[in-house]
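Step one of this worksheet: look at the structure below.
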Amino acid sequence: MAKEKFERSKPHVNVGTIGHVDHGKTTLTAALTTILAKKFGGAAKAYDQIDNAPEEKARGITINTSHVEYETETRHYAHVDCPGHADYVKNMITGAAQMDGAILVCSAADGPMPQTREHILLARQVGVPYIIVFMNKCDMVDDAELLELVEMEIRDLLSSYDFPGDDCPIVQGSALKALEGDAAYEEKIFELATALDSYIPTPERAVDKPFLLPIEDVFSISGRGTVVTGRVERGIIHVGDEIEIVGLKETQKTTCTGVEMFRKLLDEGQAGDNVGVLLRGTKREDVERGQVLAKPGTITPHTKFKAEVYVLSKEEGGRHTPFFANYRPQFYFRTTDVTGAVTLEKGVEMVMPGENVTITVELIAPIAMEEGLRFAIREGGRTVGAGVVSSVIA
């Protein structure tokens, strides 16, 4: 059979499983691919195909992640599942697999456990917008009242981290029974798929967002002016558009007088394109790598922010010793390093390699910044951590 063409007809949504170890995240992932494949087509994946997750690198950090896909009536889903707790932490902080929504798997037999709580907190910090709950192993609990108690406990936990606990869909089922072909439990997998379709809104495509291009290089072309190059992160730039140059210095306004790609002139460049943008009346020395071109008023420069960070362990090539308050590494945003001073949370004396922690950072130069922006923490070019901006302070 010929290879199927990737159908772009259905909207594409990124999801992932989160939750405590051994509550059934990988079994549920297998059940979703297997049971939805029967009805909507696609490849079924067995537990052991998902469990031996390959290594991948994101922002200098090695993460084990499994990627599977499945279809529903109306959508195509890309789903990530991680083998270990540390992989989840790294995945969510680096944004290696940006999630439009998460499926929180919680065993009905155990109820919420420490990692259940930690994953919900992480989802909140890194900006996962929606959580849907799958209460797993319900076949092991024969008391309906107990199921109700666990459900209430999960809703309270979600609400305590500012998710709408009362409105989150909660599906009670058993991933293992569904995989074994129990019709009633298979139905619960379809119920979960329907909840994904209806509760997670279709994400806005990158090309529909306001224009942003991180500047990688700057050239001056005699008789034409200054050209900056980079990959358009989102939106579209048209010839004649007003744009702002944001970060590192005072924000400057300019106009795009030309877009070129592969030495050809275009009318526009869009998300994903590597382009050169010609700027009217801008001097070569006014622009540098690390700034961004953006649609006016859509992004502002900041120096102080709160972040959720993962610090590499010694085995991962990170630091061998803890760091303390006033630690001053470089923060690598998009295309450049900026030095910053770290303040720790109240009651935190030090941060050990291998930990994830909330910090406040004050940079020595402003960077175009918004919540959800990812960065690497580096010491002399060596990556020692990764982080995500959870809130902008100043």
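Glycine is treated like the rest: Cβ placed from N, Cα and C.
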Can you say which of 60-64, 125-129, 325-329 is given as region 'G2' in Swiss-Prot?
60-64
Which range of 3-10, 19-26, 251-258 is region 'G1', per Swiss-Prot
19-26
Examine the ranges 136-139, 208-211, 220-223 and name the one recorded by Swiss-Prot as region 'G4'.
136-139
What range among 81-84, 273-276, 337-340 does Swiss-Prot describe as region 'G3'?
81-84
Simplified to three states, DSSP reports Lys25 (GTP binding site) as helix
Here the Cα-Cα span from Cys138 (GTP binding site) to Thr26 (Mg(2+) binding site), rounded to a whole number of angstrom, reaches 16
My understanding is the cutoff is Cβ-Cβ under 8 Å with a sequence separation of 6 or more in the same chain; which residues meet that for Cys82 (GTP binding site)?
Gly16, Ala53, Ile63, Asn64, Thr65, Ser66, Tyr88, Asn91
Close in space but at least six residues away in sequence, with Cβ under 8 Å from that of His85 (GTP binding site), the same-chain residues are Val21, Gln115, Glu118
